[in-house]
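K.L.:
Below are the structure tokens for one structure; questions will follow.
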Amino acid sequence: MPSRKFADGEVVMGRWPGSVLYYEVQVTSYDDVAHLYTVKYKDGTELALKESDIRSQSSFKHRKSQSSSSSPSRRSSSRSRSRSRSPGRPAKGRRRSASQSREHKDDKKKIIQETSLALAVLVLFKPSENNTKRYNGEPESTEKNDTSCIILEPKLKPDLEIKRVLEQYSLRSRKDDKKTEEIFSEKKTFVAVKPIEKVPSKTKELEFGGRIGTFMLIFLLPVTVFYLLLMCKQDDPSLLNFPPLPALESLWEWRVFGVFLLWFFLQAVFSLLPIGKVVEGLPLSNGRKLQYRINGFYAFILTAAAIGVLLYFQFELHYLYDHFMQFAVSAAAFSLALSIYLYVRSLKAPEEELAPGGNSGYFIYDFFTGHELNPRIGSFDLKYFCELRPGLIGWVVINLAMLLAEMKIHNLSMPSLSMILVNSFQLLYVVDALWYEEAILTTMDITHDGFGFMLAFGDLVWVPFVYSLQAFYLVGHPTTITWPVAAAITVLNCIGYYIFRSANSQKNNFRRNPADPKLANLKFIPTATGKGLLVTGWWGFVRHPNYLGDIIMALAWSLPCGFNHILPYFYVIYFICLLVHREARDEHHCKQKYGLAWERYCQRVPYRIFPYIY
Ligand code: NDP
């Protein structure tokens, strides 16, 4: 077994994928299994490189004297000059007039402009405009395939040079183009550089307040749920009217726990049914792709049928309402037990199966964020299952139970208009998530976060018991709204849903097939990974249009509860905080993935979620 040549922390020269250019990088870790180094460029981009793509800095010789090459600009004498080097730079010592040098400067600018706007070529040249040094010298043993880089072979005339680069990257010449925008729409500019597999390494940047933050969240999350539920049960759920604590023994009932387990395993059985297509997830760090059965919508139909049968046989679904707190306690106890199981089993998981975001080596942090990325029992994927099934479908069932409880308690022949709106809006949201189930495979939860307390508690307790707060509130606090108000709220929900759905579909379709003719009108910035970043359509409006739609819907879910208390608005307030935080996390990951291309995207689309506000 060859031992590693470069140590962690060592500053070396790393070859930029697909080019013969080397940039100064720092080795951050080494994967003994894959024999890959994780290196960090100065702009923060992290890539995994083979040893053969890394050179020591000393192996780069500076051209101290005039090169034998006939290329005039190869005669540059110092490394530091390379950054301002123009392909059209004249031979050292040759006199140029002021106008000539201006012309050449313009040529240089032109080339840089052409290329920098264009494509991944930009990234190939200079991963960071300001920080990354580009070296003139070639490593001693670098192949002489200089045609792949105009700056290393700058003897041609600028125009020819541009043409050559554009041709090389399948670009049409944009010499006469007036609008720089056009380059974004040119599908041919897409440089399909094979995505580089990221080697799983230790999580260095801790999120959620690190060890202390995650420790506190483990207590704070359950306390918040129980506080909200206790508040909701009060006649006057004002913030200052703190609810009396219930007796401990009243919080637990084995029968309720049994019903919860039955629900969980029934959903597990539905998910294992051999119906629905099987799709592959995104490639893992080892290049492997996991398979997922897409049958969430079928599970929902089967659940609806089962509930219909129960109601037909006079089963009192408001049992859920009567024992709501006990159900929440059962779900919390189960999610805690599940998290412990997940952490214990993750200790035996191979390094490559650990989550990029939950492998810090700190017990509390990894326990909270999830140590193992895709824990599976056979083909049963625990995280994928919990994300969409027991909690999400459970939320709809709880809402229905609240609706029936409202009718029973208030002796209504029909549910209130407010309750109908809340139920319908949230039903639409859940059905949408199940209908587009496949889209979850590309989300941060699946690709980045491990399965630990955060997601287990979030999926099994937070979603069903906190997201149903409006319906729960309406049972104890009847609210009357007029038809015009109901119509206005419905319009608001439809607007939110439209933004949410079209933004998500636009991105998902683009990710699945960037050449889709239906997306021909969309423009994008190519990136070095081969993926593009949409800069028109919804993703040119703000950087997370789907979050905007989601927040508008969240508001529409709270409005039917009136303005007597802030409690039913907890969801929208919390959700804004969640999505602002999530957006920041996603931006951070995207910055690492796409480097300069992401910065360009941010320049073009300056607002994150709320246009002209944030
Ligand atoms: P997103 O769907 O917002 O995806 C973010 C990813 O999209 C990025 O990491 C990047 O990934 C890609 N991307 C970013 N910008 C562009 C662009 N310009 N062009 C193309 N691709 C781009 O991720 P989430 O998982 O956060 O959200 C999914 C949905 O779930 C959202 O609608 C959100 O509102 C909802 N949600 C709901 C929650 C709830 O509790 N109700 C909680 C969290 C989310 P890459 O480039 O690698 O493809």
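Don't overthink the numbers, they just go from 1 along the chain as shown.
Every residue, even glycine, has its Cβ placed from backbone N, Cα and C.
Per TrEMBL, the feature compositional bias 'Low complexity' maps to 66-75. As annotated by TrEMBL, compositional bias 'Basic residues' applies to 76-97. Annotation comment: TrEMBL describes 101-110 as compositional bias 'Basic and acidic residues'. The annotation domain 'Tudor' is assigned in TrEMBL to 4-62. The region 'Disordered' annotation in TrEMBL covers 53-110. The transmembrane segment annotation in TrEMBL covers 212-231, 251-275, 296-315, 327-344, 455-475, 481-500, 521-542, 562-581.
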K.L.:
At a C-beta cut-off of under 8 Å, are there same-chain residues at least 6 beyond the transmembrane segment (251-275) that contact it? List them, or none.
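P.N.:
Here the qualifying positions are 293, 295-296, 298-299, 302-303, 306, 323, 325-327, 329-331, 333-334, 380, 385, 389-390, 393-394, 460.
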K.L.:
Are the transmembrane segment (327-344) and the transmembrane segment (521-542) close enough to be called in contact, which here means at least 3 C-beta pairs under 8 A that are separated by 6 or more residues?
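P.N.:
These two stretches do not touch.
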K.L.:
Can you tell me the mean pLDDT for the domain 'Tudor' (4-62)?
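P.N.:
Here the mean pLDDT over the domain 'Tudor' (4-62) amounts to 74.
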